[in-house]
Each structure stands twice: as structure tokens, then as C-alpha cells.
Amino acid sequence: MSNLSRLLKESWTLVEEQQDKVASYFYARMFLNNPQLRDLFPVQMDVQRSRLLGAIVTAVQTFGDPDQFADYLEALGRDHRKFHVEPQHYDIVGDALIEALRTFAGEEWGYEYEQAWRDGYAAIARKMIEGAEADSANPPYWHAEVLHHERRSRDIAVITCRPMLPLEFRAGQYVSVETRYQPRLWRAYSMANAPRKDGSVDFHVRAVGAGWVSSALVRRVQPGDMIRLGAPMGSMTLDRRSTRDIVCVAGGTGLAPIKALIEEMTRANRTRWVHVFFGARDRDDLYDLDCLNRLAARYPWLSVVTATSDDPEFPGEHGNISQVVARYGPWQDHDFFVSGSATMVRATLRTLAEMQVPAIRIKYDAFGDS
Ligand SMILES: Cc1cc2nc3c(=O)[nH]c(=O)nc-3n(C[C@H](O)[C@H](O)[C@H](O)COP(=O)(O)OP(=O)(O)OC[C@H]3O[C@@H](n4cnc5c(N)ncnc54)[C@H](O)[C@@H]3O)c2cc1C
Ligand code: HEM
């Protein structure tokens, strides 16, 4: 562990148990120092729901060497243009962060700790600002018209929209989405198709529990509505130079980016076998199986295995999809794409580690904290 990482981790333990208080103080400080910043945040803003402080703390602690994460941080800076974040805001946020940490850390807080957080934050902010500046030819977000909205199960919808201006992305990436029902509340959704000539984009959305944005997308949004999309992000894209066969593991709407990747391969692939494992609780949640089966019937290189964890009569595999993948294989020589809930992704990564799949061959996106 580098000296910087050690200082960041050590100092965080001083405030860790008072995170809620640190967060309240941080936002109060930030809005007091610059009241206009309040307009950048969601209307109903309870501290638990706001993600900024948690995101910064995780970023500063994880990205000890920001150059190593340059692509991600530059994309995050580009994405932040949708919040109307300007370069000068970074100092205001950084100062509020340090003040909040210092206030709650008590007497053990010292110069070394403060400098470590300042250095870590400044290096990350620099990369984000560079990313935003390099993107000035693009709009800060894209208005998109909803063309189709189809309910595929109790709580899943497939939505097709068309951005008003060209939106360049790669299969496997995601964008954040905002609806008019929850202004300034943005959530990430993966494009479920490879780029098309008409520019339209599909999303597969599952309404989760009391989820604000997912419920609006599944239950309220209709054709003709306008939604807003942030800049494309994510690196779960196809390595076109690789000749290895591919295994895709999708849980529920985690199928979205996998479907985009399959679509990309239907345009070029002749030589790589692609095995898709698609799992859900019950058959109702295997919402796109007909389409997957049609693709598998048409492309000899594509095979699909489906599994349910909670549907004993289902005529396919049974169990969690991570366990099902382990029944097939061996997989040491394959490229992997894994996408779904954090629990599902974690379980699959564990299985793959046990099966000796090198981590470098695995790309994944977890739909939540992993
Ligand atoms: C990179 C990335 C790509 C994503 N792509 C997709 C996608 O293609 N399709 C899709 O449907 N979702 C996708 N998600 C998840 C999506 O961004 C939202 O997190 C999800 O829709 C919930 O948002 P919300 O505003 O409705 O819920 P929130 O208001 O954020 O949360 C409400 C409550 O639900 C709980 N909750 C949040 N997420 C889940 C969950 N997955 N399961 C159970 N409980 C949950 C929260 O803990 C909270 O208590 C993706 C996430 C990431 C990070
Ligand atoms: C080191 C600097 C920063 C990092 C690493 C960072 C990272 C993040 C991340 C990862 C999210 C969550 C996105 C999501 O899941 O939806 C977020 C949200 C947000 N960020 Fe940043 N951010 C930084 C600086 C800033 C600055 C300077 C501003 C300007 C005020 C800002 C404004 C916001 C807003 C408004 C949100 C959404 C509201 C919320 O949910 O809290 N961020 N940030």
C-alpha cells in the first residue's frame, strides 16, 4: 500500500462511524459557501440519496494513481457536464469535503491527513476537468424522444428513444438518464443495442422496490415523452483484436449491454463462439428470451443457456446463474462479460476466480454497489 493510500484509509477510520453527520455537514457547508450550487442537485434531496459525497470518498481512496484511471475519470468529468458543473465548482466541493472531515475527525486529524485528501482530490478533479474540456464539441446532455414503450413483465419495460442530436457510443456502454418526473435525478442504464443508422437507442429497465427513476421509466414514461441522456460511459466493450471465444453472463436486465455486444458481433463475427448465460428469478423475468432464441437460431456461433433461481417448473437450468456457468466450461481461455445486480456480479466473479479464469479477461458492470 502506498503512503498516500495508507494516510487516506487511516484518516477515514476517524470519521467512518459518523458518515451521516459528515455528509450533512458537507452539503450544508457547500451550499452555504455557494448557494447557486443547490440548483445542481435533485429537488428532493435527502442526504442518504445523494451520491456525491460517497462517490468522492470512494474515488479518492481508490484512485491513488489517477493516471491509471484516466479513461474513467475523464468520462466521469464529461458526464458531469449534465449537472452544469463548472471547473470552479471543484474547489468549492473539495474545500467542503476537507472541512467536513476535519470537523468530525477530532484531535487526531493532522497536517499529513489533510494534505493527503487535498492531493488525492485535486488529482482526480484535474482529470475530470480535462475530460469535460475535451468534450466541448458535444452537448452536456442529449434530449431524446421516447418512440416505443413496451411492458415485458410485472416490472420490466423495454424503451426505445431517439436522441435529437447524434449520440456516439460503443456497444456495452451506458448513459445516465433523467425523466421529467424526477428532475435532476439521474441513473445509469446500459444501451441494449449497437449503434444504428437511425440513431435510436433501446433500454431495458427493471423497476426496483421504491426506486425513483426506474419506477418512472417503467410505469410513467410514454411514447412522445422527452427524456435526457448523459454522455456515454463504461469500458465493457468488445476487444476487436482478441480472437478468444466469449462467455456472457447476464442477470435480469443485465442482459441489456450483453445484447448490444451480441448485436455488434452479428455485424462482423465469423470466428468466435459466443456462449450467453441468462438468468432470472422466474420465466416472467426472462423478458427477452424470444429475441435471444431467434438470434441463436440465425447465428451458428451463438448459444444461449437460460436459468431461473425461483421457478422449479421452468424447462431450463435451475439455480443462480453464477452456479450454472460453473456447470459448463472449462473457461480459462475465454473472454468474459458479466452484467447484472451487484450480488449476481460478485457471485459470478467468485465462481470465475475458482475456475481459474484470469481476472484480466473479465469485463463487468454491476448495477449497484459492488
Ligand atoms: C453501470 C450501470 C448500468 C446500469 N444499467 C441498468 C440497466 O440497463 N437496466 C436497469 O434496469 N438498471 C440498470 N442499472 C441500475 C440503475 O442505474 C438504477 O440503480 C436502478 O434503476 C435503481 O434506480 P432508482 O432511482 O429507481 O432507485 P433508487 O431510488 O436509487 O433506489 C431505491 C431503493 O431501491 C434499492 N435498489 C436500488 N437498486 C436496486 C436493485 N438493482 N435491486 C434491488 N434494490 C435496489 C436502493 O437500495 C434503494 O433502497 C445500472 C447501474 C449501473 C451502475
Ligand atoms: C473528485 C470530484 C468528483 C467525483 C469523483 C464525483 C463523482 C460523482 C459520482 C460517481 C456521482 C454519482 C453518479 C451517479 O451514480 O448517478 C456524482 C454525482 C453528482 N455529482 Fe459529482 N463528483 C465530483 C465532483 C463534483 C463537483 C465539483 C460537483 C459540483 C457541484 C458535482 C456534482 C454532482 C451532482 C450534482 C451529482 C448528482 C447528485 C447526487 O446524487 O449527489 N460533483 N458525482
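The backbone N, Cα and C atoms fix where each Cβ goes, glycine too.
According to TrEMBL, the domain 'Globin' annotation covers 1-133. According to TrEMBL, the domain 'FAD-binding FR-type' annotation covers 139-239.
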Worksheet item: Taking all residues of the domain 'Globin' (1-133) together, what is their mean pLDDT?
Response: 91
Worksheet entry | For the domain 'Globin' (1-133), the number of residues DSSP places in helix, strand and coil | 109 helix, 0 strand, 24 coil
Discussion item. For the domain 'FAD-binding FR-type' (139-239), how many residues does DSSP put in helix, in strand and in coil?
Written reply: 9 helix, 41 strand, 51 coil
